[in-house]
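Have a look at the structure below, then the notes.
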2 protein chains.
Amino acid sequence: MRIGVFYRTDYLNSAKEVYTKLKEHFDVLFFKDSSEQLSEVIGGELVEPKVVISVGGDGTVLRVLKKVKCPVIGVKAGRLGFFSGYLLTELDKLVEDLKCWNFIEDRRWMLRVEIENGTFFAINDAVLQKDVEQKIVDFAVEMTDGSFFYHADGLVVSTPTGSSAYALALGGPIILPNVEAFEITPMAPQFLATRSLVIPSTEKIRITVNDTVNLVVDGDVVGKVREIHVRKCSKVITLLRPKSYDFSTSIKEKIGYGKMVLKNGSE
Amino acid sequence: MRIGVFYRTDYLNSAKEVYTKLKEHFDVLFFKDSSEQLSEVIGGELVEPKVVISVGGDGTVLRVLKKVKCPVIGVKAGRLGFFSGYLLTELDKLVEDLKCWNFIEDRRWMLRVEIENGTFFAINDAVLQKDVEQKIVDFAVEMTDGSFFYHADGLVVSTPTGSSAYALALGGPIILPNVEAFEITPMAPQFLATRSLVIPSTEKIRITVNDTVNLVVDGDVVGKVREIHVRKCSKVITLLRPKSYDFSTSIKEKIGYGKMVLKNGSE
């Protein structure tokens with residue numbers, strides 16, 4: 001089995017540790033996060049890994065998920081780690097699980113974001129945001145059923161996966177991963193319109209702005225726009241998790257939401 | 001065509017106005033909101049109306065929707081009127097629309113709430129709430145994927161329809177009516193767990209409480225419980241709306257969410 005190891009450059013030492021451990025058991029391809037293609041020509045043959053291990057934080061997992069067709073496993077070397085299944089201290093378990101392919105396949109979907117001259121895919125979110133020096137802008141969100149308007153600093157369009165990321169920080173709900181919906185959450189809207197809007201995943205929406213704003217997809221500024229079209233993307237991405245994984249435990253551990261409060265007041 | 005008129009007792013005069021107008025064109029059956037059955041035995045035959053007109057507020061519509069199998073039309077004589085399609089001043093239009101059956105059929109679904117000795121149906125929400133003098137309670141919400149805990153005054157389980165009702169007042173999102181999900185919103189939870197949880201409508205949840213609390217279904221206290229089971233109910237209810245109706249306009253008009261803000265600062 002060929003396994004790719006993809007790493008954020010500043011986690012090179014951690015990545016080497018993963019590489020060394022996996023190399024004892026598998027063919028390993030080693031890619032840094034600036035790598036364009038996660039495949040290699042070996043002996044005249046284009047070799048794609050069966051799975052890619054991402055060493056870094058959630059941002060690293062997001063990047064690798066968009067580069068490959070194969071599943072991805074996150075080894076946590078950054079913050080939070082919603083996408084990580086294993087710690088650096090759990091490499092023995094990772095090797096065993098790889099040998100027996102003993103994983104939960106956690107499938108997530110993306111939003112397809114179209115602008116005039118390009119298409120982007122958002123695993124977490126697509127954010128329209130004004131510059132700091134820019135005046136507050138007007139957003140119009142149009143869909144089958146009608147339209148909503150926001151006079152705000154920005155709008156976050158997020159998947160269920162992204163509902164525990166930036167949208168949550170702005171007051172949005174936690175949307176379980178298997179809900180067929182996405183949400184819009186305004187940033188600093190006027191007239192108390194702070195609530196998120198939950199929209200069926202079958203809907204195609206168009207957002208227009210009365211001024212040019214930044215388009216930020218999964219944390220990367222990708223352009224300046226006045227109009228975007230957003231809908232669910234048909235491509236599915238797959239994270240491999242240890243069999244012990246469940247979403248609710250992850251949410252409780254990472255952000256403390258829905259955690260049991262013990263009688264003595266501690267958590 | 002036989003039409004029922006159902007009214008809240010304190011809107012008797014408005015109901016009589018509706019009755020008198022409709023009587024010029026249709027067979028009309030007249031029911032006050034304490035009526036058990038909305039059918040009448042006329043000439044030895046059990047007569048059910050083809051449609052029932054509800055005269056009152058949203059509470060009146062909620063009550064009649066649970067009593068009948070036929071569609072319901074709300075004539076607004078109360079507050080807000082999310083469920084109302086016509087004003088008392090629009091009775092001529094109502095008559096014309098009835099004659100041509102010129103309506104949008106707005107289908108909504110309910111939650112089925114089971115307790116030890118009974119079943120209830122919630123169009124908006126089922127609320128578990130402690131008494132004022134009672135200490136803060138512990139809620140455990142269990143579902144396929146795991147469990148969440150809340151140390152709070154109460155929990156609101158609401159449909160998309162109910163997302164613009166009590167859950168919204170507690171900070172929840174607006175869920176479009178055609179989203180296949182319901183939500184849990186905690187009331188005054190400890191440790192900042194104020195966010196709503198959006199759950200797929202295919203899920204069956206169990207909520208247990210460490211003390212007996214009130215169960216309030218669509219605004220009516222129906223019992224004291226320590227455990228409830230909630231899932232989507234297969235029965236669909238139908239509101240008839242004028243052809244001009246759309247949900248987004250309704251939300252903008254009723255609560256001002258997503259309304260365009262004009263340049264002079266007025267709305």
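Note that the numbers count up from 1, one per residue, in the order the chain is shown.
Positions of Cβ are set from backbone N, Cα and C atoms, glycine also.
Just so you know, TrEMBL annotations never went through curation; they're auto-generated.
Some features that TrEMBL has for this protein:
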| type | residues | note |
| --- | --- | --- |
| ACT_SITE | A:ASP58 | active site, proton acceptor |
| BINDING | A:ASP58, A:GLY59, A:ARG63, A:ASN124, A:ASP125, A:LYS135, A:HIS151, A:ASP153, A:ALA188 | NAD(+) binding site |
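The structure, with features from TrEMBL marked on it.
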residue  : record                       : Cβ neighbours (10 Å)
A:ASP58  : active site, proton acceptor : 23
A:ARG63  : NAD(+) binding site          : 21
A:ASP125 : NAD(+) binding site          : 25
A:HIS151 : NAD(+) binding site          : 19
A:ALA188 : NAD(+) binding site          : 13
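Recorded residues A:HIS151 (NAD(+) binding site) and A:ASP58 (active site, proton acceptor) have their alpha carbons 31 Å apart, per Cα-Cα distance.
When the Cα atoms are compared, A:ASP125 (NAD(+) binding site) and the residue listed as 'active site, proton acceptor' turn out to be 13 Å apart.
According to DSSP, A:ALA188 (NAD(+) binding site) sits in a coil region rather than a helix or strand. Among the recorded positions A:ASP58, A:ARG63, A:ASP125, A:HIS151, A:ALA188, the ones whose Cβ sits under 8 Å from a Cβ of chain B are, in sequence order, A:HIS151.
Cα of A:ALA188 (NAD(+) binding site) to Cα of the residue listed as 'active site, proton acceptor': a distance of 26 Å.
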